[in-house]
Amino acid sequence: MKIAVAGSGYVGLSLGVLLSLQNEVTIVDILPSKVDKINNGLSPIQDEYIEYYLKSKQLSLQATLDSKAAYKEAELVIIATPTNYNSRINYFDTQHVETVIKEVLSVNSHATLIIKSTIPIGFITEMRQKFQTDRIIFSPEFLRESKALYDNLYPSRIIVSCEENDSPKVKADAEKFALLLKSAAKKNNVPVLIMGASEAEAVKLFANTYLALRVAYFNELDTYAESRKLNSHMVIQGISYDDRIGMHYNNPSFGYGGYCLPKDTKQLLANYNNIPQTLIEAIVSSNNVRKSYIAKQIINVLEEQESPVKVVGVYRLIMKSNSDNFRESAIKDVIDILKSKDIKIIIYEPMLNKLESEDQSVLVNDLENFKKQANIIVTNRYDNELQDVKNKVYSRDIFGRD
């Protein structure tokens, strides 16, 4: 089967690699550097499984800048373009998705379009009405950055949208796509759910908002424990051994961040509109409160020091361990709060060669020099590289994992 994938981020690329084991897949991107890397068997993103598969597996995979040619020949088109949250309108920016839909429909009269990008509830219905076609369906992704291909190989569930009054072809394509994902997975007995588009859209936003809720819960627990001088580690362990709660997703941090949770929680809150709620809004608020609290704690530690020159060293801007993504990283908001107090910031981030021109922080990518200059070293996730200056480190990473 010929499949086109719009977008080579962690969603699009992981799907492209997965499906190219048994299908002809063409990935479309607008960046020549990404296209060149993929065509040379190199991953443009950090993902151990993607890197290995591109290097070692026989894949029927190519990348191109020629979108029209790729879409024209495809039987299925997967759309995995960004939908960033637009704070000005308090809604997802879906223009990239809509642009691809329009382009595909202009050159292909038979392919079913499968949207993998995260979208607002009701978006598929809106697009079907706008473009007068039922050939647009939704399949939410549940992938972690840096582990996207692994999560496709071992999925928790597969969800594809389909409506009762859809044409036989669209119904067949929805089932076919679900089967493609299931047959490519290494995990057995993966649950497959076919449901309405609005329900599938809701699953995605509510699932990520629950994860954000869990992060916020353990962060607020940790705030209480630190403020009352309780052993946060012991409290969390005592709670998490309850099977109903579980020993997962319970490690305190500076706040949830990354590409999905911040924007998905805000979008769900926007979708509520006039529907009564308090919890969803509280999750978003809790994350902001946590970052402010962390900044205050750093300032308190700094003020206790007698050194005339006080420098905060930020170890890594990445959101998670082994990530290459700085987007919506909680530490960046903490840095902004500290800078508003005229505190000198130095940053160790080996993935950067320079900071943005308006950034008043200083990039120090010699680790030993960084350690010497900093009075306090702040890190969202602890690393053994800091073991020799452990007495300088402020972190709320209790379990040494994400």
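In case you wondered, yes, glycine gets a Cβ from its N, Cα and C as well.
Note that the structure is predicted; figures quoted are calculated from it, not measured.
Record features, source Swiss-Prot:
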{"type": "ACT_SITE", "residues": "CYS260", "note": "active site, nucleophile"}
{"type": "BINDING", "residues": "2-19, ASP29, LYS34, THR83, THR118, GLU145, TYR259, LYS263, ARG327", "note": "NAD(+) binding site"}
{"type": "BINDING", "residues": "GLU141, PHE142, LEU143, ARG144, GLU145, LYS204, ASN208, TYR249, ASN250, ASN251, PRO252, SER253, GLY257, LYS320", "note": "substrate binding site"}
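Shown here: features listed in Swiss-Prot, placed on the structure.
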| residue | record | CB count, 10 Å |
| --- | --- | --- |
| LYS2 | NAD(+) binding site | 16 |
| ALA6 | NAD(+) binding site | 29 |
| TYR10 | NAD(+) binding site | 27 |
| SER14 | NAD(+) binding site | 29 |
| GLU141 | substrate binding site | 20 |
| LEU143 | substrate binding site | 20 |
| GLU145 | substrate binding site | 23 |
| ASN250 | substrate binding site | 20 |
| PRO252 | substrate binding site | 25 |
| CYS260 | active site, nucleophile | 23 |
Worksheet, complete the sentence: In chain order, residues whose C-beta lies under 8 angstroms from the C-beta of ASN208 (substrate binding site), counting only those at least six residues away in the same chain, are THR118, CYS260, LEU261, ASP264, THR265
Discussion item. If I restrict to non-local contacts, at least six residues apart, and a C-beta distance under 8 angstroms, what lies near THR83 (NAD(+) binding site) in its own chain?
Written reply: PHE92, ASP93, THR94, HIS96, VAL97, SER117, THR118, ILE119, LYS263
Worksheet item: Between GLU141 (substrate binding site) and LYS2 (NAD(+) binding site), what C-alpha distance do you get in Å?
Response: 21
Worksheet item: Relative to the Cα of ASN250 (substrate binding site), which of the binding-site residues ALA6, TYR10, SER14, LEU18 has the closest Cα?
Response: TYR10
Response to the item:
Per DSSP (helix/strand/coil reduction), SER14 (NAD(+) binding site) sits in helix
Discussion item. For the C-alpha pair, I'd like the distance in angstrom between LYS2 (NAD(+) binding site) and LEU143 (substrate binding site), rounded off.
Written reply: 24
Practice prompt. Other Cβ atoms within 10 Å is the metric here; tell me which of the binding-site residues GLY257, LYS263 scores highest.
Written response: GLY257
Worksheet item: Which residues of the same chain, at least 6 positions away in sequence, have a Cβ lying under 8 Å from the Cβ of LEU18 (NAD(+) binding site)?
Response: LEU149, ASN152, LEU153, LEU181, ALA184
Worksheet item: Could you state the CA-to-CA distance between SER14 (NAD(+) binding site) and LEU143 (substrate binding site) to the nearest Å?
Response: 9
Discussion item. Can you tell me whether DSSP puts GLU145 (substrate binding site) in helix, strand or coil?
Written reply: coil
Discussion item. For LYS263 (NAD(+) binding site), which of the three DSSP-derived states applies: helix, strand, or coil?
Written reply: helix
